[in-house]
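Enquirer: Please read through the structure below; I'll follow up with questions.
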Amino acid sequence: PGSRKGQGLLGHVICFLSLYRFQACVYFASVFQAMSCGIHYLASVFMAVTPNFVCGFPGNVSSVLFHNSSASSIEDIWPLWTSTENYIVVQLENGEIWELDQCSRSKREVTLDLAYEYKGNKSVFPCSDGFLYDDTKWKSTVVTQWDLVCDREWLAKLIQPTFMLGVLIGAVIFGDIADRLGRQRVIWFTSAGQFVFGIAVAFTFDYYSFVIVRFLLAMVSSGYLVVAFVYVTEFVGIKARTWASMHVHAFFAMGIMIVALVGFLVRTWWVYQIFLSIATLPFVLCCWMLPETPFWLLSEERYEDAQKVIDTMARWNKVGTPCKVSELCSVQQDDVASGRTGDDDTSSAKKHNILDLFCNWQIARRTITVWLIWFTGSLGYYVFSLSSVSLGGNEYLNLFLIGAVELPCYIIACVAMDKLGRRNTLIPFLILSALICVLIMFIPQDFNILIILANMAGKFSIGVAFGLIYLYTAELYPTIVRSLAVGSGSMMCRVGSVVAPFCVYLRSVWIFMPLLLVGIMALLSGILTIMLPETLGKPLTNTLVEATEMGRNKKKHPKHILCSFGLRDSGSGHV
């Protein structure tokens with residue numbers, strides 16, 4: 001049987017069955033792993049923290065001075081340390097007096113009196129005896145493990161960007177693989193990869209092996225998250241699509257909250273990493289039970305396999321008369337054959353690539369706008385998240401609140417998306433994000449609580465836009481390139497996440513520079529979103545022709561829309 005009309009009807013069948021327990025089990029099993037993605041994405045916030053430190057010294061300490069305070073050990077001085085410009089004076093048991101800065105140390109020539117201020121001659125030495133770190137909060141981090149300070153500080157700053165680079169590459173690779181080999185296989189592989197590489201990170205022996213393993217972990221984490229959105233979207237149907245897709249983000253936010261909780265309880269980085277990775281294990285043990293989506297099976301003309309999945313859904317949901325693919329696909333094979341000429345036979349079996357996202361002007365304009373929204377959402381999301389630990393107060397509580405604020409934002413977003421539509425929800429929240437960025441610039445810096453609340457509001461508004469765009473992208477593109485579209489969008493999203501840490505570093509140039517950049521991008525994205533079509537209540541499209549028609553005002557009867565995969569509409573010239 002042909003597949004042109006069958007997939008549209010199959011969408012309604014899945015929509016009907018989405019109220020039952022089979023889809024619920026598949027959904028919660030799938031999104032549970034998204035929590036692990038949130039964990040690994042933000043793990044470096046505490047794992048790569050740089051504590052207070054000074055140069056090491058050759059010998060045993062007899063006394064320590066810091067301004068007007070004296071102590072017998074440097075550990076007693078750390079609570080008084082307030083600035084990187086400070087230094088510590090130590091007297092050794094052999095009588096030598098040293099001034100210890102963060103990246104250098106000086107030996108006093110005159111050692112008669114132990115005083116904090118000294119104007120005599122000093123000999124400057126490099127930190128050849130290592131560094132002394134404040135272990136009040138963290139017993140060990142990757143920074144203290146491999147001395148990623150001073151001239152090696154740039155290596156520490158590359159930890160999060162290199163992870164996000166792996167996320168970028170993984171989004172593209174696994175999004176394409178999912179369209180070629182199926183969603184199910186990618187979910188299997190990436191789930192196992194998250195657990196294996198997550199544990200392996202804790203046992204890396206140097207900085208470079210640490211970065212490489214984390215890069216691989218980023219690729220599989222990104223691959224899972226991209227394919228999970230497509231997998232959930234294709235299973236639940238129209239009625240539950242909004243809530244199901246947005247709640248994937250809720251589990252991701254729960255992962256951020258777990259990072260804050262585990263970071264508060266475990267202060268050794270490799271133990272911290274192991275505890276975070278264990279969250280993946282339950283899903284790895286049962287992910288092999290997940291079925292392939294009927295949409296993908298039909299797009300590959302695997303009708304018997306699609307029928308088996310539908311029959312399984314019917315048994316779980318106790319549907320007495322399950323639908324038959326042969327009955328749904330009412331268009332006869334000879335009708336399909338009559339629509340093919342010459343090269344069209346090969347085009348139907350064509351493997352799609354990223355160029356198909358620019359096959360005509362309407363699709364190309366849509367792709368550029370969607371990519372910009374992905375980039376802006378990610379940039380704002382991670383700028384607010386990464387900056388939360390430096391807002392003052394308890395950094396663990398700040399990160400926990402930044403994650404927790406996403407939970408109500410997704411509920412509000414779901415209600416707005418179902419009532420107002422995807423586009424009409426996305427536009428005001430993008431513009432609101434820009435306004436909040438401007439508002440924060442006018443808040444006095446000593447109003448810590450107000451600043452934290454404003455940042456939470458900014459994370460709330462950008463979180464709505466960032467969460468919505470996954471579902472919106474999946475609805476804007478047809479089945480044959482849906483994973484590729486979400487994957488390429490996620491690629492632009494990860495470009496934003498790679499840029500975000502460097503954007504945060506611009507605080508040293510001007511404290512409001514990151515917010516200014518996020519505000520400009522959010523305002524531009526909100527304006528361009530006006531040109532996108534609304535997808536609320538519309539069935540998923542199957543071909544690029546259908547996706548193009550969705551952006552036009554004129555309505556066409558479904559039987560007049562070419563639905564066969566990869567076929568050319570001779571009337572319009574579109575593929």
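Numbering starts at 1 and runs along the chain as it is shown here.
Placement of Cβ uses the backbone N, Cα and C atoms for every residue, glycine included.
TrEMBL annotations: computationally assigned, not manually curated.
Positions annotated as domain 'Major facilitator superfamily (MFS) profile' by TrEMBL: 79-537. Taken from TrEMBL, the feature transmembrane segment applies to 154-174, 186-205, 211-232, 244-264, 270-290, 368-384, 396-417, 424-443, 449-472, 484-504, 510-532.
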Enquirer: Same-chain Cβ contacts of the transmembrane segment (270-290) under 8 Å, 6 or more residues past its ends?
Expert: 26, 29-30, 32-33, 35-36, 39-40, 43, 46-47, 140, 184, 187-188, 191-192, 194-195, 198-199, 201-203, 231, 255, 258-259, 262-263
Enquirer: For the domain 'Major facilitator superfamily (MFS) profile' (79-537), what's the model's average pLDDT?
Expert: 83
Enquirer: Return yes if the transmembrane segment (424-443) and the transmembrane segment (484-504) have at least 3 CB pairs under 8 Å (sequence gap of 6 or more), otherwise no.
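Expert: No, the transmembrane segment (424-443) and the transmembrane segment (484-504) are not in contact.
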Enquirer: Which stretch, 186-205, 211-232, 244-264, 484-504, 510-532, tops the Cβ pairs under 8 Å count with the transmembrane segment (368-384)?
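Expert: Out of the listed stretches, 484-504 contacts the transmembrane segment (368-384) most.
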Enquirer: Count, for each of 154-174, 186-205, 449-472, the Cβ pairs lying under 8 Å from the transmembrane segment (244-264), and report the range with the highest count.
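Expert: Answer is 449-472, with the largest number of Cβ pairs below 8 Å.
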Enquirer: Counting Cβ pairs under 8 Å that are 6 or more apart in sequence, does the total for the transmembrane segment (154-174) and the transmembrane segment (449-472) reach three or more?
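Expert: Contact between the transmembrane segment (154-174) and the transmembrane segment (449-472): absent.
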Enquirer: So what's near the transmembrane segment (211-232) in sequence-distant terms, Cβ-Cβ under 8 Å and 6+ beyond its ends?
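Expert: Residues 27, 30-31, 33-34, 36-37, 40-41, 158-159, 162-171, 173-175, 177-178, 183-184, 186-187, 189-191, 193-194, 197-198, 200-201, 204, 244-245, 248, 252, 290, 293, 470-471, 474, 482-483, 486-487, 490, 494.
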Enquirer: Using Cβ atoms and a strict cutoff of less than 8 Å, what residues sit near the transmembrane segment (396-417) while being 6 or more residues removed from its termini?
Expert: 38, 42, 45, 242-243, 246-247, 249-250, 252-257, 259-261, 263-264, 384-385, 388-389, 424-425, 429, 452, 455-456, 459-461, 463-464, 467-468, 471, 536
Enquirer: Report, as numbers and ranges, which residues of the same chain sit near the transmembrane segment (449-472): CB under 8 Å and 6 or more residues beyond its ends.
Expert: 229, 233, 241-242, 245-246, 248-249, 253, 370, 373-374, 376-378, 380-381, 384-385, 387-388, 391-393, 398, 401-402, 405-406, 408-410, 412-413, 416-417, 422-423, 425-426, 429-430, 432-433, 436-437, 439-440, 443, 486, 489, 518, 522, 525, 532, 535
Enquirer: I need to check the long-range neighbours of the transmembrane segment (484-504): which residues 6 or more away from its ends have a CB within less than 8 Å of a CB in the stretch?
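Expert: Non-local partners: 157, 160-161, 164-165, 167-168, 171-172, 174-176, 178-179, 222, 225-226, 229-230, 352-354, 356-357, 367, 370-372, 374-379, 381-383, 386-387, 469-470, 473-474, 476-477, 513-514, 517-518.
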